[in-house]
Structure formats: structure tokens, C-alpha cells
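Undergrad: Before anything else, here's the structure in question.
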Amino acid sequence: MESITEVLNVHFDPLNVLIPELPPQAFNPPLAASRYQRTRSTLGRRWGILALVCVIMTGVYYSYDIPAALHQQLYAFMPPSTNFETHFNLLYTVYSVPNVILPFFGGKFVDRFGASFCLVSFASLTLLGQLLFAFGTEAKSWGIMLLGRIIYGFGGESIVVAQSTLLSSWFDGGEVAFAMGISLAVSRLGSVFNNMISPFIANSTGTIWALFVGVAMNSFSVWSAIAVAFMDRDAEQKCTAENEAKAVLMASLLEDDSIDVIDEYARQDSKQNDTVSSENVNDSVDETTEHVRLGGVLQFGPVFWLLALSSLVVYGCILPFNNVASGILLERNYFRAPPKDCVLDYPEQCTLGSLQNGTNLARTLDGELCQLQYAAPLLPSSISFTQTDKSWKRSQYNYTSLRPSDVDCGDSFWSSACTKDYCSTQKQATEKAGRIMSIPYLFSAALSPVLGKLVDKIGRRATIACFASLILIMVHTTLALSISSPVVPLVGQGIAYSLYAAVIWPSIPLVVDKKLTGTAFGVMLALQNVGLSLFPILIAGIYNSDGHHYIPNVEYFFVSCAVIGTGIGIALQLVDQRRGGKLNATNSDRNERTQ
């Protein structure tokens with residue numbers, strides 16, 4: 001989801017208002033005044049539009065990352081299965097599959113029906129998708145959950161095109177880049193809020209409630225989109241009325257034989273000012289959607305294909321990592337497997353709660369108390385209880401071989417009566433993991449608006465892309481081989497993510513023919529979504545084949561992606577240098593070459 005947002009954010013230049021050429025008889029002071037037509041970008045309510053768009057995108061990003069934040073809670077909530085990780089990763093695969101195609105066609109829908117209508121439509125799709133996902137989870141049906149994520153994918157990517165088109169019609173000149181930068185930064189904070197809030201809600205009130213908070217967020221998005229649509233229509237009517245009144249006034253001041261000319265061109269001015277931003281969006285947004293020429297793919301040179309391959313593998317160790325970051329952090333740092341030499345004093349009794357007074361301690365084989373800091377408390381090997389408390393979800397709890405997936409901490413039997421220590425530790429661990437896994441997105445939100453301008457100034461795009469991959473090698477090697485604090489590696493992940501996004505997308509227009517830029521963006525996004533569809537399944541396969549562990553082999557997979565990305569980055573440097581060094585040139589260097 002991040003990628004298409006990044007495309008739109010970095011590829012927009014300030015929009016210039018186009019003024020139609022008038023015949024000589026129309027050039028006079030009154031007509032010159034008519035050129036200053038009332039447009040949306042002159043209305044103070046544009047800042048309200050920006051605020052509502054931020055609300056919309058915050059809700060969209062919030063629910064997109066809900067599965068990642070609730071990894072452990074979903075594991076405990078869904079029926080025990082050795083295929084959990086496969087099903088879980090499919091939640092992200094099915095989201096990306098439609099978006100292998102959507103980059104080629106999404107913009108046509110926006111152009112045909114209008115940005116505000118599409119904003120409501122796509123926001124409604126995300127609401128429907130999240131609603132199905134929540135009901136599917138409540139029914140413990142992976143099929144319904146996956147269907148919900150497919151529908152969410154159809155709305156979640158296309159809404160980025162709609163909101164960018166809308167903002168470009170409400171903001172003029174340098175304000176366009178500012179508005180889109182604010183929208184991008186705030187929308188990424190939606191993922192941060194989700195990572196921090198969802199585990200807390202799930203632990204406090206239940207996993208289903210956490211999912212329906214996502215439904216509420218998407219509902220706010222829909223209502224905000226409806227408000228935007230009404231405000232947009234009202235603004236169009238207001239601007240049209242004022243411009244027509246101005247045209248009539250100006251016409252009355254002129255000679256009778258010029259009225260028709262003035263009225264015609266004044267109306268053209270009004271129409272063009274209302275639509276100019278959409279036309280300019282066709283030069284940028286629709287370069288990634290509508291103006292796709294599949295035959296032009298054969299004209300792309302080696303530099304473009306190296307950029308495309310780099311995007312596929314480097315994003316493969318950024319976005320899929322976030323999908324399983326909670327599970328990785330729990331296994332590695334905050335909810336580790338207890339030491340193998342630890343055993344309970346009474347393995348067939350509860351550990352802590354109203355059914356156990358705390359005398360069932362975990363000890364080593366030498367009789368010493370086990371040190372379980374950052375480790376999961378031991379569970380009984382077996383238990384057998386009949387309901388004695390109406391707050392329990394079940395009437396009987398008979399387990400001859402108790403597994404972690406059997407423990408539902410949303411059931412007071414486990415959380416208060418039998419394994420209070422386990423559930424309490426898990427609650428604290430999942431909430432901490434949610435906070436820590438937010439670090440890359442926080443850095444990305446803070447750095448992205450700044451890095452774009454910095455890269456334009458210093459160039460070195462191929463060098464920075466290679467450097468970002470090197471950082472990712474260090475990040476994931478550290479996560480694989482040590483149990484040190486994950487904060488520093490995740491800061492590195494955030495910096496690498498921000499650097500890479502700031503250089504990869506602006507590089508495309510530099511290496512392909514201008515008329516094929518849209519095709520290039522479409523191909524790049526499609527290939528990236530192929531990777532985002534396949535990598536989660538590969539990760540699940542690695543996890544399952546390694547005895548249901550992320551560490552170290554899943555991290556080795558991310559390291560491999562980063563190593564390949566570094567190799568491609570080196571090749572990119574060499575090939576680009578032989579072809580004129582366009583990627584590493586600054587904007588001023590390119591301007592000098594074209595003069």
C-alpha cells in the first residue's frame with residue numbers, strides 16, 4: 001500500500017494554471033480581470049478538505065495493518081492449526097494480488113466519475129472489506145476473512161489515486177506538494193496508531209472489538225469522504241456562479257460586438273481552472289494508471305529493469321517484514337520460549353489465578369527458580385476442569401497436552417483463574433511489540449517530506465538506493481543473530497525505508513522516454529505487487545519448515561533480499577555511469593545538460 005502513495009507523493013510537481021490563448025480583439029483591461037477566476041484553490045475551506053482527506057487516509061492505513069498488530073491475538077483466537085502462519089500471510093497476499101492489475105486501470109475510473117465520487121466509493125469498499133474481515137474473524141472463518149481483505153485491496157490502493165487527484169484540484173502551485181506531503185505523513189501515522197492501540201484493545205476487551213474499532217475508523221473515513229463530496233460539489237457551484245456573474249459584469253462593460261467572445265472565453269477560463277489540476281494529474285497520477293502503453297515495455301533499457309528488480313527485492317524486506325514484525329519481536333525479545341530445563345513443580349495444575357494460589361513455581365533441574373524475564377511463563381502440561389464460574393466461556397476444559405494456541409486470554413478461565421501469569425505477560429509483550437514495530441513508520445512519516453527535496457539537491461540516487469540496501473543487511477542480520485534491543489535495528493529500518501522510497505520512484509522519469517513514463521510506473525507497481533503477493537507465502541513456508549520459528553531463517557530471507565538489492569544497486573551504479581549518470585546527477589546538473 002505504501003508504494004503507490006510514494007509514487008504519487010514524489011512525482012507531483014507544483015501545478016501551473018493554463019490560460020487559453022485569446023484572439024487579439026479580446027485583449028483589454030476588463031477581460032484581463034476576468035482571467036482571475038474563482039477556483040477551489042482560492043477558497044479557505046481547502047484546509048478543511050485537507051483535514052478530512054487526512055482522516056480518510058488514516059482510517060484506511062489503520063485497518064490495513066490490523067492483522068500485523070494482532071498477530072499473537074489472532075493466533076490465540078483462531079482454531080488451533082499448523083497452517084495458521086500460511087493463512088495469516090495470505091491476508092496480505094490476497095490484498096496485493098488485485099493490485100498487480102489495478103495500477104494500469106485505476107485512474108480511468110477516477111477520471112470518468114470524478115475524484116470525490118470515487119473517494120466515497122473506494123472508502124466504502126474498505127469499510128465493506130474490514131466489516132467482512134471482522135465478521136469472518138468472529139466466525140473463525142479464514143475464507144470470509146480473506147474475502148474481506150480482497151475487497152479491502154480493491155479500495156485501499158485506488159483511494160490513493162482519488163485523494164491525490166482531489167487534492168491537486170483544491171491546492172495550487174507550491175501548496176500541492178505541501179498538501180500531499182501532509183496527507184502522506186498523517187496517513188502513515190494511521191499504521192502507527194494501529195500498532196499501538198489495537199493490541200491494547202484486544203487484550204482489554206477482546207480481539208473482535210479491536211477489529212471493530214477498525215470498522216469504526218473506516219466508517220469515519222466514509223463519512224469524511226461524503227463530507228468532502230458535498231463540500232466539493234458546493235465549491236464547484238459557488239465558483240461557477242461567481243465566475244458566471246463576473247463574466248456577465250465584464251460583458252456589460254464592453255461593446256456589444258465583443259460580448260460573445262468575452263463570454264465564451266470567460267467560461268472557458270472557468271471550466272479550465274476547475275479542471276486544470278485533473279489535467280495535470282493526468283501527467284503524473286495517470287502516468288501510473290491510464291496512459292499505459294504495454295508495447296512500450298520493450299523500449300525500456302537496462303537501467304529501468306534494474307530499478308524494477310531492485311524495487312521488487314528491497315521492498316520485499318521492508319513491507320512483508322512489518323506484516324510479521326509483531327511475531328518476530330515476541331519470539332526474539334518480549335515473549336521468548338521458556339528455557340528447556342525449566343519445569344513446573346506441579347505440571348498438571350494451573351500456574352496462577354483463582355484456581356492456583358501461586359505455589360506452582362517454575363524451577364530448573366537443579367531446583368533453582370527459573371529466570372523468566374522476557375520469556376513466556378510455563379504452561380501446565382495438562383489440565384481438567386469443569387465450569388465453576390459463569391464468566392468462563394466453556395463448560396469444560398480438558399487438555400491432555402496443552403499448547404499455547406489452546407490458551408484464549410480473552411476467556412477469564414485462562415486470564416484470571418488458571419494461567420493469569422501467562423496471559424498478563426503476553427498482554428504486556430504484545431503491547432510493547434506494537435509500540436516498537438511502529439518505529440520504521442514513525443521515521444518514514446518524519447523523514448519522507450524532507451528527503452525528497454534533499455535528493456533533488458544532492459542527486460546520488462543510485463548510490464543512496466545501494467546504501468539503503470546495505471543498511472537493511474545490517475538491520476536483519478542483527479535481528480537474526482542477536483537478542484539485543486530491537487530499537488536500533490528498527491530505527492535503521494525506518495531510515496533505509498525513507499531513503500529508498502525517496503530515490504526509487506523519482507528515478508523512473510529520468511531513465512525512460514517521457515511518453516512512456518506512465519507505462520514505466522505501472523510496470524514497476526505491478527512487479528512490486530507480484531513480490532508482495534509471493535513473499536508472504538514464502539515467509540509462511542520458511543516459518544512452518546523451521547518448526548514454527550521466525551528466528552533465524554525468516555530473517556535470513558530478509559537478509560537475502562537485501563543482499564540481492566545491494567548487488568542490483570552496484571550494477572545500477574555501473575550501468576548508469578556508462579549511460580551518462582542520470583540517476584546520480586542533481587537537478588541543476590540535468591538542467592545544464594539540456595541547455
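Note: Cβ is positioned from N, Cα and C throughout, glycine not excepted.
Okay, these came from TrEMBL:
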{"type": "DOMAIN", "residues": "51-579", "note": "domain 'Major facilitator superfamily (MFS) profile'"}
{"type": "TRANSMEM", "residues": "47-64", "note": "transmembrane segment"}
{"type": "TRANSMEM", "residues": "113-134", "note": "transmembrane segment"}
{"type": "TRANSMEM", "residues": "177-197", "note": "transmembrane segment"}
{"type": "TRANSMEM", "residues": "209-231", "note": "transmembrane segment"}
{"type": "TRANSMEM", "residues": "303-330", "note": "transmembrane segment"}
{"type": "TRANSMEM", "residues": "462-483", "note": "transmembrane segment"}
{"type": "TRANSMEM", "residues": "495-512", "note": "transmembrane segment"}
{"type": "TRANSMEM", "residues": "519-544", "note": "transmembrane segment"}
{"type": "TRANSMEM", "residues": "556-575", "note": "transmembrane segment"}
Undergrad: So which of 47-64, 209-231, 556-575 has the most C-beta pairs under 8 Å when paired with the transmembrane segment (113-134)?
TA: 209-231
Undergrad: Pairs of Cβ atoms less than 8 Å apart decide it: which stretch in 47-64, 209-231, 303-330, 462-483, 495-512 has the most with the transmembrane segment (556-575)?
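TA: Looking at each of 47-64, 209-231, 303-330, 462-483, 495-512 in turn, the most contacts to the transmembrane segment (556-575) are made by 462-483.
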Undergrad: Same chain only, please: residues at least 6 beyond the ends of the transmembrane segment (209-231) with a C-beta under 8 Å from a C-beta of the stretch. Say none if there are none.
TA: 45, 48-49, 52-53, 55-60, 62-63, 66, 70, 73, 116-117, 119-120, 123-124, 126-127, 130-131, 133-134, 137-138, 166, 190, 194, 197-199, 201-202
Undergrad: Honestly, do the transmembrane segment (519-544) and the transmembrane segment (462-483) touch, with at least three Cβ pairs under 8 Å and pairs 6 or more apart in sequence?
TA: no
